[in-house]
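Q: Mind looking over this structure? Questions follow.
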Amino acid sequence: NKENGVLHLWLTDNTHIVDIGPVSGNDDAAASSLLYKTADDANNEKLIALYEKKKEDGNKPSPSMFSVLLTAQLERVKEVLKTWKEVDIRVSKLCTNSHAPEGASTGTPCSSTFNITDGLVGFLSGNFSETTWKDEYLGVNATINNTEGGAATKASDGIEFHGAWAEWPVGGQGENQLYHFANYNFTLVATVSIDGVPTEDGPIPLMGTKLNDEGKSKLMELSYEKEKKWILQCSDGRSSEKLSNSWKSKTQYQVAIVLRNGTQATVYVDGKSVGEAP
């Protein structure tokens, strides 16, 4: 049986986006409108959904309009807006002068010319369960993979991984694709710290991005190795030579991967470019 076109209410401020939930029950909805009535008294505010319902014997809409009073959904909208504002305040406090060292590129996260909350669609911090790392802005959650004996434990404002890793599937939302821009332009930033020096040869992936295709093609990946050098792998499969920049254990670094125009990717460590892919 073909599934009904259930009508959902989505909330967005052109940066964040949240599914508030279905509003048409099991009805197969066609055209729809949303009405909002404001009042001096907040208790008299009303949110109403109007929609046409398709006929059971075909795709043509019925001649009648149906209305639904969205009282619970309106309260949820207020809760989400409050959460967005609170998270913006928290995130704004993350950038300090210590994250913008001398020589850092302008326009990169935490530089003096960059407002970290402008265009920020998601934020992963310390809110996680066994397999889910929750987006503080209530958008797309990350998935924690610890099936091979690894573990993820809570750290200060984040997660500490021991043989585990996480994936943020911003391009894997099916029909309800939230972040189309991620195919062309994005900035992915993480504050990271490496606890100890690896004992085995070979690069250990730290952070990377990949295209949402069947081959899971890597766009760019930053790794580290036991000689305390960064290693950069690009989308064409080539690995750069060990970068001159070195890392220290138990030291915080701000790592950023920036994509522009769908093809130009650059990796920054503490605001300084360490490599790019054409």
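Heads up, the Cβ atoms here are built off N, Cα and C, so glycines get one too.
Where the annotation comes from TrEMBL, it is an automatic prediction and has not been curated.
Straight from TrEMBL, here's the annotation block:
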DOMAIN    1-52  domain 'Sialidase'
DOMAIN    116-276  domain 'Trans-sialidase C-terminal'
Q: Going by DSSP, how much of the domain 'Sialidase' (1-52) is helix, how much is strand and how much is coil, in residues?
A: 3 helix, 27 strand, 22 coil
Q: Limited to the domain 'Sialidase' (1-52), I'd like the whole-number average of pLDDT.
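A: For the domain 'Sialidase' (1-52), the model's average pLDDT rounds to 84.
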